Amino acid sequence: MAVSDHTSHDKPARPTPAAEPDPPRRQERPDGRADTEKPVTSDSGKHAAAVLEQGQEQPQDSTLENRPLSRHASDSFARTIAVVPRAERRGLLGRFALIPEIEKPHEYRNSTKWMVTAIVALAAAGAPMGSGIFLPALPSLTRDLGVTETVANMTIAFYMLAMSIFPLWWSSFSETLGRRTIYIVSFALFVIFSILSAVSVSISMLVVMRVLGGGASASVQAVGAGTIADIWEPAHRGRAMGIFYLGPLMGPLLSPIIGGALVEAFGWRATMWFLAIYGGVMLLMLLFCLPETLAKPPPPAPLTDAATTTAPLQRTSTTRSVALHTRRTAALLKRFFIDPLSVLLYLRHPPVLLTVYLASIAFGALYVLNISIQSTFSTPPYSFAPIPLGLLYLAPSLGYILASTAGGRWLDRIMTREARRAGRYDAATGRLILLPEDRMRENMWLAATLYPAALVWYGWAAARGVHFMVPCAANFFFGCGSMLVFGAVTTMLTEFMPRKSSSGVAVNNFVRNIFSCVGSVVAQPLIDAMGNGWLFTMVGLFAWVTGYLAIWALKRNGAAWRVSMDRTLNKERGI
């Protein structure tokens, strides 16, 4: 049984008959150095090498279920990898990358894959760091520029709005220009706009520069998940996506602490200078350490004899020439202004819409919580200084890290378990057929219960003015629950649309950052009107009820919706 857009996992193959040892041969390693392949001298050794060459797992016995090779075992077998010559490498300044581009990114060694994953994760930390680092600076900003708290919050709200809109363009361009070019251009712009934010002389200039800086840094939010999908097979993608998400979550972990220290020592402008320096360091890492990972498009069909026949030269009339240039201009404008917005049409498919909603409601609640922490603990009865105020954001961030590291492995195991339970094996290859909706099982029910309950807990603890550790404990569990949602949703979207993985994640970022923008704007007025207790009770109950309904609908109809979506997308692609 073949499935068009979804990848499968190998079943163990039988050992091949004994044969004479192969002589050693020279080959290119993915780090650019030559390596010598060890001769295979036994049936089991030949079988392990053949299995590794196909991306399979090595069985201990032909009758036992296959188990993954250890990292050391996998490194002991060399794979023939087609390295792209330096002069032919794609991407902006691609020849300067120290890690070479290869024809099939899935064939990078695991060590190289983890290095690329770490670089992209660090780059992805830049955008959320730009919002988190400014939270402790808001009181200083209001005094320095003479604005109200609500107006000061606009510097964060519009930053998040830019993070929702700009990735639509970044992801669209990355599917044609490649990942590397988008990374380098966007981070160069991020450095420029961060410097201009640091020297802003009015709230208007600051908001505009923050919008442009947020839009530039947001490229990794969409393109980064596409890079992970480029290099990792689906069977291991959940764990890799969890590690990748550590980057965006390190922003909320470290940036409020860094911001608090910088504000207390140098003032709010120092936070913007820090972002400029961080962006510059990441620009250098991306320039020298990140190869192009986007799969090469298939070669064009060969021209027929009729097409290769040289036509006689003809004079083109002025009217026809104008019409031709007009069509070309219209096509160019469509490419730059209409095509990036076309990815929003993916929301017409119920699996994408409901999956994106699950992440968006959690992300909106996160930014209501962030504003509440800053507002509540900087005023009586707590009255924390900037540095202790920044430390309060450690609690949810520790929950993010725990759920990200453990949740990714859990997600992969759930997916494999569900495929085996259903007995879904490809008849031709014997591989497990892995489906995106299999990732939404008990993990999502737990997450959709945990983070809304933690919101209610935090709201009433903060409203009563109890010891600060009590609301911090609630925020830890909020971080755990919300991260389980973010990791599952992002991984599923790359698998619902495997040929347009960054576009799917861009749609997710668009919707969820709209929610976060709204949350940042309305949080303070609602806290003033309702108080923390009733506000977070309302948000928590809404997230719990609607989240349960979305999960139930996906469990009941997810398979049928996915098949219908695959059929529609294949028809649009002419498949």
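Cβ atoms are placed via backbone N, Cα and C, with glycine included.
Per TrEMBL, these features apply:
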COMPBIAS  1-13  compositional bias 'Basic and acidic residues'
COMPBIAS  22-46  compositional bias 'Basic and acidic residues'
DOMAIN    116-558  domain 'Major facilitator superfamily (MFS) profile'
REGION    1-71  region 'Disordered'
TRANSMEM  114-138  transmembrane segment
TRANSMEM  150-170  transmembrane segment
TRANSMEM  182-205  transmembrane segment
TRANSMEM  211-232  transmembrane segment
TRANSMEM  244-266  transmembrane segment
TRANSMEM  272-290  transmembrane segment
TRANSMEM  352-371  transmembrane segment
TRANSMEM  391-411  transmembrane segment
TRANSMEM  444-462  transmembrane segment
TRANSMEM  468-489  transmembrane segment
TRANSMEM  510-527  transmembrane segment
TRANSMEM  533-554  transmembrane segment
Over the domain 'Major facilitator superfamily (MFS) profile' (116-558), what is the model's average pLDDT? 86
With an 8 Å cut-off on Cβ pairs and a sequence gap of 6 or more, do the transmembrane segment (352-371) and the transmembrane segment (182-205) reach 3 or more such pairs? no
Please report, as numbers and ranges, the same-chain residues at least 6 past the borders of the transmembrane segment (211-232) whose CB is under 8 Å from any CB of it. 105-106, 108, 113, 116-117, 120-121, 123-124, 126-127, 130-131, 158-168, 170-171, 174, 179, 182-183, 186-187, 189-190, 193-194, 197, 240-241, 244, 247-248, 275, 279, 293-295, 490, 493-494, 498, 501-503, 505-506, 509, 513
Which sequence positions outside the transmembrane segment (444-462), separated from its termini by at least 6 residues, show Cβ-Cβ distances below 8 Å to it? 358, 362, 365, 369, 372, 376, 470-471, 473-478, 480-482, 484-485, 488, 532-537, 539-541, 543-544, 547-548, 551
Near the transmembrane segment (510-527), which residues from the same chain, at least 6 beyond its ends, have a CB less than 8 A from one of its CBs? 149-150, 153-154, 156-158, 160-161, 163-165, 167-168, 218, 344, 347, 356-357, 359-361, 363-368, 370-372, 375-376, 535
Contact between the transmembrane segment (391-411) and the transmembrane segment (150-170) (3 or more Cβ pairs under 8 Å, separation 6+): no
